[in-house]
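*Asks:* Annotations for this protein, taken from TrEMBL, read as follows:
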- His177, His181, Glu200: Zn(2+) binding site (BINDING)
- Glu178: active site, proton acceptor (ACT_SITE)
- Tyr266: active site, proton donor (ACT_SITE)
- 352-496: domain 'Peptidase M1 leukotriene A4 hydrolase/aminopeptidase C-terminal' (DOMAIN)
Amino acid sequence: IWWLDPELTYGNAKPFVFTQGHSVCNRSFFPCFDTPAVKCTYSATVKAPAGIQVLMSATQSSYVEEEGVYQFYMEYPVPAYLVALVAGDLIHADIGPRSRVWAEPCLLPTAISKLSGIVERWLTAAESLYGPYIWGRYDIVFLPPSFPIVAMENPCLTFIISSILESDEFLIIDVIHEVAHSWFGNAVTNATWEEMWLSEGLATYAQRRITTETYGAAFTCLETAFRLDALHRQMKLLGEDNPVSKLQVKLEPGVNPSNLMNLFTYEKGYCFVYYLSQLCGDPRHFDSFLRAYIEKYKFTSVVAQDLLDSFLNFFPELKEQCVESKAGLEFERWLNATGPPLAEPDLSQGSSLTRPVETLFKLWTTEPLDSVAAASSVDLTKWRTFQTVLFLDRLLDGSPLPHEVIKKLSECYSSQLDSMNAEIRIRWLQIVVRNDYYPDLYKVRRFLENQMSRMYTIPLYEDLCTGTLKSFALEIFYQTQNQLHPNLRKTIQQILSQGLNPLPAIDTTAVTTDTPAMVLEDKVSEATNGAISLRDVNVSA
């Protein structure tokens, strides 16, 4: 349960509270069987002060104003982690026949302009693929930047971090991913957290089928290429033999299942589901299977064998061919082998969008650097967001770059990137930091002074502290720590404390920018995994 003072909201007017149950946190909210294997209906009575709007992930609600009491009822069985509550200075607007958006008053116009009319389009596309939407309403609430993940698929009421509103393409993908969870994850749920891919891999596959229907195959292939790049980056970081790269991860006693959330859950799971769809020869045949799968198992929890048995029974010709035992692509190997996916999708339909990225990257990384004129003629403002972040991620992978290259990159693109969304800017600023490019460091400071979100602060602080700029990071943190949620503040303090002796507490109210000391909490024994891993796993639940 996250309690926020008014200063941690956008409006700075009223306190705010929200819950985040995934994966095993709701045991601290109410007594429950906190496992996805158990589902039940629920009702709730909530009393709140006047002027505070309360919402829950429920199909029915009512409000008695004179008593300040809200009543909620979820008529369909859900696992405990999908019970969610939010309360604060929230107002709403309808954006479709069965959807409304909730946000703080200062954010509502932006939310309306970004989502009005298109959520219904996504729902209709999803229904055409996977059958009726069973939850009644599909509402969205935008939460303050303290929300610890990007989005959460609470039934009837998707939670999304407000910070993502400025990044249109990421917003589209995040909401469609949560729409897909209405079928995969919410209606049919993984019975154990060791098989989280059953929700995330299937939801990612469904998300991409929906985007293909609504935005075309090229856009879907571009987004997939961006995510698979991130998967391989994370694999390089963790090592191919790391057990967390299995789809069926062994959950040791005392380990929080949320620690197993990584890109393998999403992208390796997606690749397996995509492989199954290819065995059918036509994705529409696989859509028919998934509709039957949802109808058979809705409101229950399943294991991987339920999915695979249903698949082989639905396609008896594939069962006769023993596709589950095909050499090198055995279903059992997909589930239990470490390392990369055994097969990846053909993304050639996205070449019109990915080829310019590859060409530009090659111009900047091929020695000698004699193609600056050609490279500088590329106008990144004309690119899609996923093209730009794919390009910047690949430059990040190659950092540190030769000084001449980073200098020319800044001359060509820095002013263009300044006007772009935070998903793009943070990547450029990470390049600045990893290359110790001092002329653009002031932009890093300006960015961190205006960000309160974990996903836009942690990667930069980690990069700053990995290199030679820790004192610069300390200085910025001193100036901004009071605008950060205590949980985020503690995480950054842990990053800053790596390699330092514990320092005595001092009066932070008297700190100036040139103060050399730093208030640090007790050091943690676990080192952070690095900015790349944190950024890349910061995906929607």
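Cβ coordinates are placed from backbone N, Cα and C, and glycine is handled just like the others.
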*Asks:* Tell me the Cα distance separating the residue listed as 'active site, proton donor' from Glu178 (active site, proton acceptor), rounded to the nearest angstrom.
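*Replies:* If we compare the Cα positions of Glu178 (active site, proton acceptor) and the residue listed as 'active site, proton donor', the gap is 13 Å.
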*Asks:* What does DSSP give as the helix, strand and coil breakdown of the domain 'Peptidase M1 leukotriene A4 hydrolase/aminopeptidase C-terminal' (352-496)?
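*Replies:* Across the domain 'Peptidase M1 leukotriene A4 hydrolase/aminopeptidase C-terminal' (352-496), the residues distribute as 114 helix, 0 strand, 31 coil.
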*Asks:* Does Glu200 (Zn(2+) binding site) have same-chain partners at least 6 apart in sequence with Cβ under 8 Å from its own Cβ, and which are they?
*Replies:* Gly185, Thr265, Tyr266, Gly269
*Asks:* Counting only residues 6+ apart in the same chain, whose Cβ is under 8 Å from the Cβ of His181 (Zn(2+) binding site)?
*Replies:* Glu153, Ser199, Ala203
*Asks:* Any idea what the model's mean pLDDT is for the domain 'Peptidase M1 leukotriene A4 hydrolase/aminopeptidase C-terminal' (352-496)?
*Replies:* 94
*Asks:* Would you count the other CB atoms within 10 A of the CB of His177 (Zn(2+) binding site), including those on all shown protein chains?
*Replies:* 26
*Asks:* Using a 10 Å cut-off, grab the number of neighbouring Cβ atoms around the Cβ of Glu178 (active site, proton acceptor), all chains included.
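*Replies:* Around the Cβ of Glu178 (active site, proton acceptor), 26 other Cβ atoms lie within 10 Å.
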